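Here is the structure we will look at, set down as structure tokens.
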Amino acid sequence: MAALCLLPFAIQDLLRGYYLLGGTVSLVILLMVSNALIFWRHRRLLMPAPLLLLLVIATTYLAIYREGIHGVYWAYPVVIAFHFLMQPNLAIGLSVVFIVGIIPLAGTQLGWAETLRIVLTLSVSSAFTGIFAAIVLRQQQTLQRLTITDPLTQTFNRRHLHHCLETALAQQARYGITTSLVLFDIDHFKQINDRFGHQMGDLALQRLSQQVRQRLRRTDTIFRFGGEEFVILLPATTLNEARQMAEDLTRQIAQTSILRSPAGDR
């Protein structure tokens, strides 16, 4: 879409004899289209976004030098693009550098009073875009976390387990890294629900998963497979090591009070 919007201006600049500006805009269009096609087919970019943005910045500066106020108009979508194509800190830093770079160009072309207005409006546009982009990013992260997390136990869910298993299989095939799984559940869980109610059953699941997480290595991952069933993924762990770890974990959990009934039963 951006390439289609730029195309008429590139043609206009070339027809008017602004070959450097028209050629630079044409190069930006070509790289945008190439990036889109290569990403669509191969899931990679011909030119990384930061390098493409640097070329866009240079083109915008050239447009301001050549076109004056008409070139300044392109600075606004550029500062917006920073916040959606780069990490927040990099976007803020690049916006500041970009706006500062506009000052001498606009000052000599348009006067300092007009330049002050341009700098203020660009700064406000960048600030509000940054706030909006941060909110969108936070919501995306929250939604992503919800899709892979079990809401009751805060362990990962079965969907994320499938993804991690695919990764583990790929690592085993490529690097020979052995990954083991430990499956476990709660004995007599139905009796807990029947005797104490589902609320206590939920509490038992929460406390058990918390106890297990505290005893795992930093590289291990626990998943709720369904109901009272859990799976632990153990990277770089042999079958004997996984068996020993499961036995140690079982012994430690057995010595821990997960729930107590009013009568004092564990």
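Glycine is no exception: its Cβ is also placed from the backbone N, Cα and C atoms.
As annotated by TrEMBL, transmembrane segment applies to 17-38, 45-64, 70-86, 93-112, 118-137. Sequence annotations record features per position, and here TrEMBL assigns domain 'GGDEF' to 177-266.
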Q. Looking at 17-38, 70-86, 118-137, which one has the highest count of Cβ pairs under 8 angstroms to the transmembrane segment (45-64)?
A. 17-38
Q: Quickly jot the same-chain residues contacting the transmembrane segment (17-38) by Cβ under 8 Å, restricted to those at least six beyond its ends, or write none.
A: 2-3, 6-7, 9-11, 44-47, 52, 55-56, 58-59, 62-63, 66-67
Q | Within the domain 'GGDEF' (177-266), residues counted as helix, strand or coil by DSSP | A | 42 helix, 18 strand, 30 coil
